[in-house]
Amino acid sequence: MAASPEIVPIAGLVLVFLATLPALYNLPQLFFKKNQGYRNIDIYEDKDGVATEETQRIYRKTRLPIFMLNLSTSAGFCVSLVAAAFNTVEGSQHGRSYLLVIWSRFTIWALIHIQATNIYSERNPVSRYEFASFHALSNLILLFVIFLTEDLQTILSGHGSLSIVNFVLSALGFFSAIAFPRRPQLYKDGQEVDGQWTVSAFYHYTYSWCSPVLARAAKQRVLRNEDLPLMDHNTRAKDLAEAWVSMQGKGNLAKLIILAHLSAFAKQYIVTLLSGIFLVAPQFAMYRLLRLLEARSNGEDVNFAAGLWVGGLGLAMIIECFLDNWYWWICYGHLQVPIRVQLAALIFSKSMRRKDVKGASTKTSKEQDSKDTTAVNPSEGVGAVKEDNPEDHIQKTRQGTVNLVGIDAKRIADFASYNNVFFAAAIKISVCFTFLGKLIGWQGLLAGVIVHLLSLPLNIYFSRRYADGQDELMRLRDRKLAVLNEALTGIRQIKFSALERQWQKRIEVVRKEELGAQWKVFKADTILIFCWLIGPIMLSATCLGVYATIHGDLSASIAFTTIGILGQIEGTLGFLPELTTIAIDAWVSVKRIDEYLRSPEKEPNETIPGNNVRFEGASISWPRNEEPDEETFILRDISLSFPCKQLSVISGRTGTGKSLLLAAILGEVEILSGRIIVPRAPSLEERCDYKANKSNWIIDEARAFVSQQPWIENCTFRDNVLFGLPYDASRYQQVIEACAMDKDLKMLTDGDLTEIGANGINLSGGQRWRITLARALYSRAGILIMDDIFSAVDAHVGRHILEHALTGSLAQGRTRILVTHHVSLCLAKTDYQVILGDGQVEHAGPVKELAEAGELDGIFDEVEAVVDEEIDARSGSHSTSRHRRYSAASTKPNMVDDGHAIADGKQQPKKFVEEETKKIGYVSWSTYKEYLNATGGVWFWALAMVSYIGYQGLIMGRSWWITIWTQRYDTRSALLDTTHHRTAFISQLNTNHVHTETKKSDPDLMFYIWIYIGISLALTIEGTLRYLWIFHGSIRASRKLFDNLTHAVLRAPLRWVDTVPVGRVLNRFTADFYVIDSEMANATSFMLYNVLGVVGIILAGFIISPWILIPSAVLLAICVNYALYYLAGARESKRLESIAKSPIFDYFGAALAGVSTIRAFDRTSEYIQNFFTKVDSHGKALFYMWLFNRWLSWRLGIIGALFSICTAALIVSLRKIDASLAGFALGFVLQYSDFVVWVLRQYANVELGMNATERIVEYSQLQTENDGGLDAPAAWPTEGRLEVDNLVVGYAPDLVPVLKGLTFSVNSHERIGVVGRTGAGKSSLTLALFRFLEAREGKVYIDGLDISTIKLHDLRSRLAIIPQDPVLFSGTIRSNVDPFNEHEDQPLLDALQRVQLIPSADTSPTPSAAPSSPSSEEAHRPNTPTKNALLTLHSPIAESGSNLSQGQRQLLCLARAIVSRPKIMVLDEATSAVDKATDELIQRSIREEFGSSTLIVIAHRLSTIADFDRILVMGEGRVLEYGSPGELLEKGGEFAGLVKESGEAEVLRGIILGKGDR
């Protein structure tokens, strides 16, 4: 197949010379280095990692490629020289032009020989690989030169043997060059690095480097994350984040992403161009083959030419397959995965630097105040709040921030992989329309395009509908996610209050809206599918009809080639509307992430370095995105100087800004004026923690922080204390003893190696606080900043902590700044006292100076004045509390001993949070059955199969009608010149597309056209309806599966709730249901379509000849073998990808919750690195999932090419087959590889979707709490009597009981205080009363009714509890106090007044009522009254109540209980975080409001329960003492000991013995 004898060799020579230039440049340098004594580095290393001695040795032993390359090059050089000399001496029969060809080949071989010499001399692996690539390119050019300049028929007849040898040697050189490995196998941190940039070009472009992983998956039937190699630096989070920072680019996020990945985007567009150009190559080969078969019908001998075009057809398919796979690998492997990993890394890194702005905004509050908001939609349920822009609110929540990684980063990465489709469409349309213009003429093409454009308005309209639907769907998904996140976060409170049904209803309301939006999207998608189907179908019908009308006939070569080419652009045109919506979604996400990345950061220089902590005229507020307004709480004109290495105490009423003052020291506030001086801590790198020892342990400038809400990590007890520092056994034991945790560790199953659940869920409140205190004590910080550490601990434990932790040996030489309401406890040890009030510092100074000046008494007078004024108590009744009492508790309490935290020789510690389970092997049939039944069962799928079979039948019928139509005509096309084949590639098309004569008009032409149009319309309608049917079933399945999962999770046992991370459950509700809702329907539809497509292709081949079944069976068997490998890897990689997402979300959420602690300890870089590791784990699972797709697609593409060659060769060999039958068969056969690939890929997608179903079904089938039993009487309980008889309960059947024969009784309307040391069983008693722990023995009676015999819902809904950790939901104060809109406003306002959150109508606002949040506190201004920002019921509450202080959250929960007025109420340290004065006011309100209720109060602060009717003292799960406070005090037992150790014994005695004082 020859071309111009002069142009081709000269062009080839120029190209090879250009490819040789790098070698010509490098060879002299290699010679120079050798003479200079240059030595290569023994061990290879680059950004990806470093080789080992073993891998370096293996690389050096790879000598076969260099040997074969030198052999082929030397032999080729010699053979070409002989051929050139022989033809020159003997004289070539082809003339001078052939001599030019021969000597050009010799010159090319000489240049290739220079390249080979350079490759042999080069020792750098990567350089050698690159030179080998140029060598391979040169050999490929030489192959084309030989092919295009030789007469193949002459060569095959036995002449030109030297040319054959040249061709073979060049091919050998090509394959030798692409066999060079790029470098030795690398390792990083002991892990093998992915081989993409390690293996040879052959392995690289055939995606074979993942074959060992696939083999392992097929053999083991399971893949672990450790089985996947580590990613290279182009895909690792840390490297990508550093590359982004080093870029220092400016502009919006989209521009920066393009710049960061410019080379990948450039490759994407170049390959897109090449792929578009080669798109019609298989169709052109088929066209030439059909033209030859038409000529054969006229008696011509076309076997040789047809044989060449059969080979050309296979080659064209292989080239198209190569370019297509390379294109998709760049899209996913080089763009999608790296961009997704990079954005996740950047967002998390930003979150560690970003200002900690709370979510609630005062704007909503102001707008709500101006409206009549008394009517709240009950369907909105708990926490409902109407906001002008709910999405903005969601964006500000922690979950909204996590969504930036989970949703927005994925959207952007997905569009990055598809962004070039617009360009690809333009190229494909240009190439295809140019080809069609040559083939059928401009008239037919123009008519077809006009008809196709008629559907464009419909397409555009429904594309907009689809885009709007997707926007609405994403907003509703965000809403659903926010509701689910709150429900799962507050599920303990939901279960305690028996609100499962209400919350399920609320979730169902949001879910119903989401599925409604999904159905709108499906309907719009159905119309788009209709447009996608009817456009190309009518385009082909019009083109063929106009062509047949003009020319009077229709040949098979014209008809089937036209249909094939239009089918090539069909998918691209159909995808354009969807791509538009993807682009819109991505742009919205770009703006969201860009806004987040540009948001203000915590300024490292917010505070000024100095020698001690001091404030100089500073005015501060919480960080906020808005300018301070009249409702912004501000601490004004603060001037303080905390003494170094001494204990300073900050106190004040609830909501006066104590936590804000601590945050200012940490740099977590807005400094409006003045200065804050804080010693500057050295960086983590400068500290060299690994070198720390006793002599240099304390760093005076370093800080540690104990937050008001303890932040606990999901790791072991010990790791929570060490917090990244090395383990010093002596110091560690000192810290444990100082924090009174010896007994706690003995009670834990694995001592200090016991795993602690997320947020310390398996610890008591006191234990959580003491762990965070232990973390601060163990740290190297010289400045300890502590927020209210005494609230959750018993009085004796608090005294022990004061004596041994705050003022003991561990605290010596450290500056301690403590916020507490327990001023009297600390006063004896306090050096510096600060009292806050009314947005300013009321008193501050050394305690001794305050005492000498007489201000100390004044301070306490003011603290108690409010109490005296409100309750009109006798003045002086508590006068003993105003005098400084120096503690005499110098001895260690009985509970503290010198035992070790963990005994030697213990077995492997149990995991509290179990690893997420992962199924092995194929998805079970039971999972398929669950989904199939959920969609509609047997009849649904029977009808679906009928519709898909009918569609495939119509496709075959349309092609068969074309066969009948074209057979009608006696083709009289211009004959091909089969003797000489030196015509250029494109010129063959130009000279053969036009008929030599125009036929007379066929009277039956319109009959054939209308039948064709009729079949096409039926095809369109059937194709549209089948999708609508599947979409309908998908919605039904989504609804049923979601309802089942919600029901199971909300009613799961408390033990399961505590041990499963929220992120893991959310992953089921979000990521897995995204697959079920949006992807499963399409995957199922396409799988059925492609399966039947493969059947149709084989059937079409069978119609031509039964012999086609032989190659079909062989190649199908090979496909099945590849498929088994692929499915094993794809299934496991998808499971790994699903599992790897949960830790990312869990870790991100936990880090956001503890960002202040992390920053205070200067551990941000450590947490960022940990997050990078988790993102890399997810990234490599995603990377290999796409890689396995390419591995399969390339191999099946080759098999498809072989099948096409076999079919085409069979057609050519059977003379009875005319062009029409051949066109019918080839039209289907050319699609074989595509259909087989898509069958397997869609089956994998269906199985991966079933993997999501499997994970959902797993949780849907959880064992739920038993809600069986009798209905409780309507008014039960009427009296509130409680009897506990010999109660024995345990947390699990295999664990020892925590309550051991507990017996006591409570009379109606009694107030019972429950006290006891840590581990006494107080919280277990609460759980038993609510039947979270079922009784092993004994009974619990309420009003004489055994609670084990009634329904759980009835029991829990009739009792009430206020937990120590208050649970609030985002919304308003009203939606939290009255979740279901059951009360008018006035009772709610009364309840808020009772708990001191708002002032009563006849009193002015008090400082205690002012909230301390960044969005709701109001500063005291001179000459203006202090305004109460919580004045309305519609003031906003942020997620988890984060815009309120801990005390205010407790008070709001108490108000909620006052509104419900239960007969029995349990308070678990419900007022631990409020100041003493407010506590006493609240206790008065409780006595007044709950006079007709039975109260059971668990208390650490003895003054809270000192005047109760009776006290229950517990110890080790038993009743130690039970009686009135006076009786127990006189008895001198355990309770008397607790009073003595409390630090306020005199006050307590006064309350107990003189009960009327309250």
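Each Cβ is built from the backbone N, Cα and C atoms, and glycine gets one as well.
Among the residue ranges 132-149, 276-293, the one that TrEMBL annotates as transmembrane segment is 132-149. When TrEMBL is compared with the stretches 442-462, 1450-1470, the one noted as transmembrane segment is 442-462.
Away from its own ends, the transmembrane segment (98-120) comes close to residues 5-6, 8-10, 12-13, 16-17, 19-20, 23-24, 26-27, 30, 66, 69-70, 73-74, 76-77, 80-81, 83-84, 87-88, 92, 128, 131-132, 134-135, 138-139, 141-142, 145-146, 149, 166, 173, 180 of its chain (Cβ-Cβ under 8 Å, at least six residues beyond either end). The highest tally of CB pairs under 8 A with the transmembrane segment (7-25), across 66-86, 132-149, 442-462, 931-951, 1007-1029, is held by 132-149. For the transmembrane segment (66-86), the residues of the chain that approach it from at least six positions outside its boundaries are 99, 102-103, 105-106, 108-110, 112-113, 115-116, 119-120, 132, 135, 162-163, 165-166, 169-170, 172-173, 175-177, 179-180, judged by C-beta separation under 8 angstroms. Using a Cβ-Cβ cut-off under 8 Å and counting only residues 6 or more beyond its ends in the same chain, the transmembrane segment (132-149) has close neighbours at 1-3, 5, 8-9, 12, 15-16, 19-20, 22-23, 65, 69, 101, 104-105, 108-109, 111-112, 115-116, 119, 163, 166-167, 170-171, 173-174, 177-178, 180, 201. Residues 522-523, 525-526, 529-530, 533-534, 537-538, 540-541, 544-545, 548, 943-944, 947-948, 950-951, 954-955, 957-958, 961-962, 964-965, 968, 1081, 1085 of the same chain lie 6+ residues outside the transmembrane segment (1007-1029) yet bring a C-beta within less than 8 angstroms of a C-beta in it.
Below 8 angstroms of C-beta separation, residues 282-283, 286, 289-290, 293, 317, 321, 556-557, 559-561, 563-564, 567, 959-960, 962-963, 966, 1086-1087, 1090-1091, 1093-1094, 1096-1097, 1100-1101, 1103-1104, 1108, 1119, 1123, 1126-1127, 1192-1193, 1196-1201, 1203-1204, 1207-1208, 1211 of the same chain, each at least six residues beyond the ends of the transmembrane segment (1221-1240), sit close to that stretch.
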